[in-house]
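Working notes, structure below.
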């Protein structure tokens, strides 16, 4: 009889312990718009709820990241128009015409990408301009155990090569030209003159698919982060 009385208590404490372990490993992303224009922030992760929010200058939005999530991203959308039901369209970064994204955004868009609680209890973070550039961005640690700060703030739109120019942004070579040289679908590719255009202006950012050595960064699991538009 003692066994049956104590078993639920054991399970309760095990559940509470697991809950606090998961909570400690989760990450909070504080997304801030410092741009002098409205940004419609967006977030998406495979198999996880996404979201989106209009941010006027100086406003923030909190995005929660679960431990173990991979290939998640945060980005900004520009020149959007949504109706009362949250349906509409954005000039850049649009996600299937909805305010609260459930899928990745349409290129071109500057991306803050992350995978949490991966190998050796590390978070992997990066900024990517493989899908082009629409808003300057900073992605940084907000916790004392990590001092990582990466950014992409170069004049990419103003100096964008003619073949990549689109309204309000500079598209990436892969989504614009759709060639193996730029998209690297076979896994064998290197930098190109067009990818180097992005790399020279944003040394911290992914400029082509195999740009890992200079563009992928880590922080210990449990770190919180800031994503800032127009830092």
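Note that Cβ sites are derived from N, Cα and C of the backbone, with glycine treated the same way.
Any TrEMBL annotation is an automated prediction that lacks curation.
Under the heading disulfide bond, TrEMBL lists 35-230 (among others). Proximity of residue 35 (disulfide bond) to non-local residues of its own chain (separation of 6 or more, Cβ distance below 8 Å) is seen for 57, 135, 136, 229, 230, given in sequence order.
Summarising the annotation, TrEMBL assigns disulfide bond to 80-90 (among others).
In sequence order, 42, 43, 44, 50, 51, 52, 95 constitute the residues six or more apart from residue 101 (disulfide bond) in its chain with CB-CB distances below 8 Å. TrEMBL lists 95-101 (among others) with the feature disulfide bond.
Marked as disulfide bond by TrEMBL: 146-219 (among others).
Annotated disulfide bond per TrEMBL: 152-202 (among others), in sequence order.
Long-range neighbours of residue 160 (disulfide bond) (same chain, six or more residues apart, CB within less than 8 Å of its CB): 170. Per TrEMBL, disulfide bond is recorded for 160-170 (among others).
If you look up TrEMBL, you'll see 174-183 (among others) marked as disulfide bond. For residue 183 (disulfide bond), the same-chain residues 6+ apart in sequence whose C-beta sits under 8 angstroms from its C-beta are 174, 189, 209.
When other Cβ atoms within 10 Å of the Cβ of residue 189 (disulfide bond) are tallied across all protein chains shown, the result is 18. The annotation disulfide bond is assigned in TrEMBL to 184-189 (among others).
Here TrEMBL flags 1-26 as signal peptide.
Considering only the disulfide-bonded residues 146, 152, 202, 219, the residue whose Cα is spatially closest to the Cα of residue 90 (disulfide bond) is 152. Spatially, by CA atoms, the disulfide-bonded residues 80, 152, 184, 202 include one closest to residue 146 (disulfide bond), and that is 152. The Cβ of residue 152 (disulfide bond) lies under 8 Å from the Cβ of 110, 127, 129, 133, 136, 137, 201, 202, 204, 205, each of which sits 6+ residues away along the same chain.
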